[in-house]
């Protein structure tokens with residue numbers, strides 16, 4: 001027993017510190033989840049919008065062949081049939097081209113990978129033409145047979161770690177990641193994506209797999225492909241989906257030695273704050289004091305594709321595009337604050353939580369339509385193209401690693417702070433105006449508020465803020481304004 005534990009510890013140590021670097025290009029920060037976008041459209045978006053606006057990466061939807069389900073719900077992408085790169089988003093050639101084109105403009109690609117399970121019963125035909133028999137645990141496209149799965153049982157008790165990790169999540173056939181053949185197939189799949197130039201992975205349902213098995217899989221992965229601009233010896237950035245709101249048998253701390261985790265507490269807490277259930281003044285110690293994992297272990301977000309639909313964690317407190325004022329405020333705070341690695345959600349609009357992406361014919365995904373103001377139509381929300389969000393990605397890039405300084409609050413729901421002497425933000429979530437002289441920490445001058453507008457040459461399309469020689473400025477945010485936030489930085493100086 002001692003030997004087995006020692007081997008697990010050695011495996012964990014071998015992986016330690018390798019998976020925490022995002023592999024972002026220099027001077028960039030902020031990832032966007034282009035949920036259900038096609039590969040060709042993502043490539044164009046990298047070149048036309050994400051690259052020029054300072055985004056660092058894209059999380060893409062699952063790349064492997066999935067079960068074709070009636071009505072084509074979004075969640076069919078999470079029911080693997082094989083590891084062939086053939087989905088509604090495109091084929092392997094299109095995927096490879098996208099990765100190459102995005103890397104060429106400094107935007108990294110992170111793949112949502114699924115190897116906890118295979119498709120549930122009913123998933124007999126895949127997007128790449130493969131067939132399967134989930135009822136007999138036969139997936140010839142890999143191939144997997146019943147020998148590669150855990151015994152059939154349901155997860156009914158989240159206080160039983162064995163059940164959570166060895167039984168089936170909502171009927172999805174549960175792979176045995178301790179099986180050496182399964183490990184070989186998973187590593188082969190991930191290594192192929194590394195060869196194609198990806199920078200990392202979001203590991204779906206990591207909580208449902210044993211950390212020791214994941215350590216073995218991660219530890220076997222190739223270094224990143226230097227042909228795509230990665231430094232020699234770079235490892236894939238690993239983000240593990242681990243929902244830990246406390247009170248269950250499985251803790252995120254079991255996974256943070258292996259890679260980052262999806263910090264759902266951040267989503268839940270930021271939703272409560274900007275919905276008015278907690279006061280903004282309490283954000284003064286935002287971070288691990290709120291129960292979050294360490295900053296370099298936390299992928300943070302306002303919402304994700306699951307919890308914007310009431311799945312996952314957070315419930316009714318989660319903010320989504322459907323409450324735009326508060327959503328933009330929460331997103332601006334996330335991007336202005338140094339904690340964690342932020343991921344912006346880019347959604348399609350939905351009224352039914354099973355609804356799939358916009359299509360041209362009920363099956364083929366439609367491309368987003370872009371309006372003159374950068375926003376999207378055609379059923380796509382494109383939060384990443386909202387000025388209040390993409391300008392805050394530029395803010396984050398501008399302030400870099402500068403610390404929070406000059407914190408101010410009114411004892412309620414009005415706050416402001418600077419990031420060193422490079423950026424300043426103020427928020428008003430009270431039902432009365434914010435009208436105060438505040439210390440911005442910035443050099444004297446006139447600045448463009450990048451929330452209400454953008455700098456255009458030597459002018460500003462939105463509000464301007466005059467900072468005096470003492471660093472102070474009169475800050476006004478009316479309670480009835482469209483945006484409850486104001487942001488200025490040194491690259492928006494007029």
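Glycine is no exception: its Cβ is also placed from the backbone N, Cα and C atoms.
Annotated in Swiss-Prot:
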ACT_SITE  204  active site, nucleophile
ACT_SITE  241  active site, proton donor
BINDING   116, 165, 174, 208  Ca(2+) binding site
BINDING   202, 304, 343  chloride binding site
DISULFID  46-102  disulfide bond
DISULFID  153-167  disulfide bond
DISULFID  376-382  disulfide bond
DISULFID  448-460  disulfide bond
MOD_RES   19  pyrrolidone carboxylic acid
SIGNAL    1-18  signal peptide
SITE      306  site 'Transition state stabilizer'
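Here the features listed in Swiss-Prot are painted onto the structure.
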residue : record                : DSSP (3 states)
116     : Ca(2+) binding site   : coil
153     : disulfide bond        : coil
167     : disulfide bond        : coil
202     : chloride binding site : strand
208     : Ca(2+) binding site   : helix
304     : chloride binding site : coil
343     : chloride binding site : strand
376     : disulfide bond        : strand
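Closest by Cα distance to residue 241 (active site, proton donor), from the recorded positions 304, 382, 460, is 304. For the recorded site, residue 174 (Ca(2+) binding site), the DSSP three-state label reads strand. Fewest other C-beta atoms within 10 Å: among the disulfide-bonded residues 46, 102, that description fits 46. Between residue 343 (chloride binding site) and residue 153 (disulfide bond), the C-alpha separation comes to 34 Å.
All chains included, 22 other C-beta atoms sit within 10 angstroms of the C-beta of residue 241 (active site, proton donor).
Looking only at Cα atoms, residue 448 (disulfide bond) sits nearest to 46 among the recorded positions 46, 102, 202, 208, 306. For residue 306 (site 'Transition state stabilizer'), the nearest of the recorded positions 202, 204, 208 in terms of C-alpha separation is 204. Annotation for residue 167 (disulfide bond): spatial neighbours 150, 153, 154, 155, 174, criterion Cβ-Cβ under 8 Å with sequence separation of six or more.
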